């Protein structure tokens, strides 16, 4: 596995900047179980970064719709979705190594074969590895909201990123986002509405009710009990 990732930030115009961050500084401590999963299952389910477009049929050994999840955390929801939808292929990207290890361990526990994972910067993967018009869905759940105003430019949801996602979706494919920070939800809605070629799937052109396809996380359920909100946005590529 690689030892460094390129972590995206954005300038005041929403254009991507690049800086190198090492896993050592970002990853935290691996548990024995996570390390064991990386040692045993990465050769089977892990995907190394490359600068050429990936052949999804070869990667998964079949022709099926591909769902890409950016930033899957510890992977619990991603593994659940893959288990519930064996007719789809899932590719998850996460830059934190403990999360990758935890996801691999969970995937093996439920014995799924339709999931692959990467440990690299999602922006670079999108630009270099994902073929145009190849994805049925892109999922971005609970990205860092960068609460402080002076840090808002670092949010991943900016017009250039949204346009990049659009180019990778098939016509009819969906970009699904979720956040528990209402100002970020409003920011997402504003950015998505500003980019031509998408259709908001909300009845009121704002937010959608959490679809059954997105599992309710323990953190989210606890937040709901405390009265915290979560906002889902789903936009379809129409051209």
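Keep in mind that glycine also has a Cβ here, set from the backbone N, Cα and C atoms.
Since this is a predicted model, take the numbers as computed values, not measurements.
Listed in Swiss-Prot:
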| type | residues | note |
| --- | --- | --- |
| ACT_SITE | 144 | active site |
| BINDING | 69, 94, 121, 144 | S-adenosyl-L-methionine binding site |
| BINDING | 148, 180, 217, 218, 219, 220 | substrate binding site |
| REGION | 150-155 | region 'Interaction with RNA' |
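Here the Cα atom of residue 218 (substrate binding site) is found 18 Å from that of the residue listed as 'active site'.
All chains included, 17 other C-beta atoms sit within 10 angstroms of the C-beta of residue 180 (substrate binding site). Put simply, residue 69 (S-adenosyl-L-methionine binding site) is 15 Å from residue 217 (substrate binding site) when counted between their Cα atoms. Under the DSSP three-state reduction, residue 220 (substrate binding site) is assigned to helix.
Broken down by DSSP into helix, strand and coil, the region 'Interaction with RNA' (150-155) contains 5 helix, 0 strand, 1 coil. The Cβ of residue 219 (substrate binding site) has 13 neighbouring Cβ atoms from other residues within 10 Å, across all protein chains displayed. Comment: substrate site residues 148, 180, 217, 218, 219, 220; largest CA to CA distance 26 Å, whole number. In the structure as shown, the Cβ atom of residue 220 (substrate binding site) sits within 10 Å of 19 other Cβ atoms.
Within 8 Å of the Cβ centroid of the S-adenosyl-L-methionine site, not counting the listed residues 69, 94, 121, 144, the chain contributes 70, 71, 72, 93, 95, 122, 143.
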